[in-house]
Structures are given as structure tokens and as C-alpha cells.
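Residues annotated as coiled coil in TrEMBL: B:129-156. As annotated by TrEMBL, domain 'YdbS-like PH' applies to B:62-143, B:263-325, B:407-486. The annotation transmembrane segment is assigned in TrEMBL to B:20-38, B:44-65, B:189-213, B:233-254, B:366-384, B:390-407.
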Amino acid sequence: MNGEPRKRISERALSVWRIYGMIGLAVSFIVFAAIIILIIVFDGPKWIIPMLIIVLIGEGYFFIFFIPALRWRRWRYEVREQEIEIQKGLFVVKRTLIPMIRVQHVDSSQGPLLKKYRLASVTISTAATVHEIPALDEEEAEELRYSISRLARVADEDV
Amino acid sequence: MSKKKRLHPISVVANIVKQLKDAILPIILVIIVGNKTISSMWDIAVPFAIIIYTIVIGIVSWIRFTYRLEEGELRIEYGVFVRKKRYIPFERIQGISISQGFLQRMFGVVKVNVETAGNQLGEAEAVLTAVTREEAKQLQRLIQKSKEKAGAIENILPQDESTTSFAQNDQELEQETKNIIFSMSFWEIFQVAVTSGGAFGVISAILIFVLQFDDIIPYEKLYKDAQKFIAHGMFYTVVTIILIFIAAYIISIIQNMMRYAFFTVEKAGENIIISRGLLERKKIAIPTERVQGIVVKENIIRRWFGYASVYIIHAGGAFNEGDPESIVLCPLIEKERIASVILSCLPDYSLNHEFIAPPKRARIRYMIRPLYFLLLPVCIVAYWLRPWGLLLLLLLPMASYFGYLSYRFAGWSISNYQLALRSRFLNVRTVYMLKNRIQSMEFSYNWFQQRKSLGTISATVMSGIGGAQGEVIDLDKEDLQTIYMWFKRTKGE
């Protein structure tokens, strides 16, 4: 296990995750704003208001800066002849080994946001598990999908 | 056999019984609600209508249900209001199981369960409720034959994707020397039933059943009665509860005895054949090459007597009933015997070897782990119910002790192409998997584990409902490295 998988996911993933964070923040902002208005209108306990603002700032920091950066730093993958290795995780680091021969199919998909950043996510399925690489450069994803499906066909059983 | 065929007419009865089972609640509801509101005419008319309706539906669905074998496919057409067609290519049929319920036995017919690849659960399964034994055999033979033709293609596919041999038909099986690997005496079956802990299952089933009647049963009145009853004395209440429990326990014992009666495991060619059951004879044939793993479970009571149970993880869907470990190979077996039974039916696996335990420094983590979930609720309740509630605090050292036990029993072992992972909380669970069956393997470590250079390993094999896993927490990182190297295929970076 010495040595992490070599490849990183696209750096543009950071931007996408930050946008996701911002969308979440906007939703919280609307909800919190509604609560604050209700508190003012119905003369509720005022001390909740600064608490909410602190929570909002905290959320903003965590989901726009801290977590995307940490997640990106952790994310690594490597496709070798006989297997795929993936490393991910924020507080729990997970490393997954998928033997090539177990790969059933590989999908790539692209939402509007990923498309805008010319990214695609790749999903690798075995008969029992599904593994996702969340943001790769479009061309890289295409290539990966191709090479995995080629390798998966070639890989022979060594047992 | 390309003509459209119908099931034996007895399936009409089977259909109706099944429908009525589903309809029984609404009927009772109508009777009870009807009592209060409308005239008594309705009391009879509505249930009567429902019963007539189910009978008609039962007959019509029997008429509409046809099956035939055509162009290498099993083609089923059915549906009363919406006509449905389901075509299952023989190559995708993984196995056929034949069972005989009460009704079926009375008319000498069998129920055929056609099982397909595990992935698309519930998508392409077919049940022929009542066909004659002859037809069932013919079906098996035909499918078998066409599969053999397709055999050449299958060999190219990776092993567990291929849809190869399932139970050959009975005659062939009889020709081969039947080799009974495992069977249970009446006394052993009784022991299984007694130690299975099914009483809780029965009680919860009764509770769920009762709760369904929520709207109907006058709970408030009952509650008042109950209050009076309780006022009569704690003694009677306690006795009643104990009686209910004993009754549930006895019911569960009887259930289990019927379930496991005449339990035998045979090996016939490349198939393991498990048959069991008193009222409903069940016979399951599992090709050895579709076995994905073996699980040995030692439940807390059976452990004391040196017994364990053995399960098979199996790639198919239909036999699993929602639990990847529901195919029982040995419901109860002396631990010393397991290795020899496995050797005779699944010789690829070897069950005799030493386990490597997590390192000493993991012990404290094992002992603290149960407290994560318990500490807060126990403290709150203890404080709330002072002074007696404080006794609850005793739970904490007990939980910790169980944590210690989990530490004692956890471990891993590699021999050749086989990985074994053992973990415990109340039950000791050991999963044996072969390297070429493992779909993926995951190593994980959180910050606390990292500091002590520990990590968690989990390996997944395929089962009918997605995957079955083995996991061991807090192993030495060096050990994880060993497992990693064992599993890794691309050598030398």
C-alpha cells in the first residue's frame, strides 16, 4: 500500500464542488432568512439570529473552501493493467481495489455543470459494487472508459 | 414444447388462496366498519362480492397464464387487465428449483421457480405454480440441452458470469452416486429450533399483525381494561407476559422444526443439493461454481456447546429471500466437523487455519467502540430515572466487555487463494472468500486509526441482492499491506 495511486482528478472539480457548496449555501440562506423574518415578526427569541448567522458563515467556509479542497487532495486513482485503484475520503480515507476481471461495465456521465467545465464522471460497476470517479477531464474520461473496457476484456484469470 | 401451455388447474385454488390472504384484512375491516353504519345487508354483500371477485380473478388469471418454450426462450404470457409477456432466454436462466406445497402435494404437481441472474432482482423471475412432475423434468431437460449448445460461448466469459449447469434432471441425478454429506437427526433439528432465538421474530410478527388492526381494535377500551388488570397486581401481569413469551417461543420452535425437518445436503456431480421441510418440501440445487463464499456463524448460545451454522453466499437471486446469507448449508454442526463437510462439497475452500488477530493497541478501541452509541443515551436515561436508573450504568462495562470479546475474536487469514475475515459482536461471523470471487476490496482508515497505524478492511463478493461483505476493523497496517499485496494483481510498480 506504500505509495498512493498516482493520478489525480481534474482540478476543475474544485470549481464544480465550490458551486455545489454555493448552491447549498443559497438554500440555507433562504431558509435561515425565513426563520429570521419569522422571529422578528412574531417577536421570538432574538439570540437565535446571531447563532444562525454564525452557522451560515461556518457552512460557507466548510462547503465552499475547506471540504472541496480536502476532498480534491485526497482523491486519487490509478488504472493498471490488472486492476483499478481508487482513493478517496475526507475524514476516513478509503482505498479500493477493483480487479479488472471483475469490471462489468464502465459508464461516463455529464450533468450541465460538469459539461460547462468540460468534465465527466466515470462509474465503474462490478457484479456487486459501484465505484465512481467524480470529475475527470472529458477526454480523459472517454479514454479511461475505453481503456478499462479494453483491459477488462483482455484481463485473464490468474487463479 | 412450443405450444402454449397452461398450469394445472389446481393453481386456480392456489391463486385464490393467495388473493384471499391479501384480501382478508379489507374484508374484516368492511365487516367491522359496516356493523356500525349501514344495514346488515351490506355486511354480507360486500365480503361476498370480494370473494366472488377473487374467485373470478383467480380463474381468469389461470386462463390467461400460458407458458411455452420457443426459440431458446421461456415465454410466459399473463395478466388479467394488462397483458404481460415475459421472455427469458435460456442462457439467462441460472437455476430451477422445484418445491411442493400442501396443495401441490395433494394433486401430485410441483411448483417450479425459474431463477435468473442475480443482478436484475425481481426483473425476470418466473414462477410456475403448478405443473406436473413430468413437465417440470422436460423443462429442465430442454433448458439443459440448449445451454449445452451455448456452452462454447460461455467458456469465454469470466467464470461467474457464465450461466452454466444447474441441477440436472432427476434421472441423471439418480444415476450418479448420491453422496449425502450432511444430514440432521430429529434431536439436532430440535436443538436448532430451541436455540434459534426465533421467539423474538414471532412476537414481532404478532405485534405487526396486531398493529395493522390499529383502527379496528378499540385500543382505548383495552387499555383501560389493561390498567384495571395491571392494578390487580404486578404478579398477574408478569405471569401473562411470560406466558405470551413462552407461547411465542413454542410457536417458533414448531416453525423451525417444520422448516428444517429432513434436512439433508447431498453432492451430486457439480451440484450441492439441499432439501428440507415437512409441510413444504424444498429442494435447492446450487452448482458449486456459483458459490461465492462461505459464512460460518456462531451464535452466542450455540458457541457454548461448540456448535456453529454454515451458510453459502450464492450469486442467484430467487433463493435468497432478501438476505445474502439465507442458504443454510448446515443449520447446526459441531465446529470440528465443518472442515470435513466443506471439504467434501466445496473442496476449493479450506477451513482449518490460524487467524491473525488485530494488534494489542487496537484493544482499547474495540472496548470503547460500543460506548460511542451507548454512553449518551444511557447517561441521560440513568439521570432521568434516578436513583434506580443509575443501575443502567452497569450496561457500560458490559458493553465494553462485549467490545473486548469482539477484539478477541476478530482476525484475518490468508491461505493460498482464500481470504478469511472474522468479526464478532454478539455472533462470531467468519467469511471465507476466494480471491477470484472478490469483486472489490476496500481499505479504510480514519484519523484515530491513522495515529495508531491501524485500518479497516472489507471485501465484497457478489450475492443475489448486490453484495455480501466481510469486514475486520482495526488491523495492523502491516497486515493490511499483506492483504493488499495478496489481492493486487499488477505486481511491481
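Glycine residues also receive a Cβ, built from the backbone N, Cα and C atoms like all the rest.
Whatever TrEMBL says is automated annotation, not expert-curated.
With a cut-off of 8 Å between Cβ atoms, the residues of this chain six or more beyond the transmembrane segment (B:366-384) that come close are 358, 390-393, 395-396, 399-400, 402-404, 406-407, 410, 473-474. Sequence-distant neighbours of the transmembrane segment (B:390-407) (same chain, 6+ residues past either end, Cβ-Cβ under 8 Å): 357-358, 362-363, 366-371, 374-375, 378-379, 381-382, 423-426.
Taken residue by residue, the domain 'YdbS-like PH' (B:407-486) breaks down under DSSP into 21 helix, 49 strand, 10 coil. Across the residues of the coiled coil (B:129-156), the predicted structure has a mean pLDDT of 68.
Counting residue by residue with DSSP, the domain 'YdbS-like PH' (B:263-325) contains 8 helix, 34 strand, 21 coil.
Assigned with DSSP, the residues of the domain 'YdbS-like PH' (B:62-143) fall into helix, strand and coil as follows: 22 helix, 40 strand, 20 coil.
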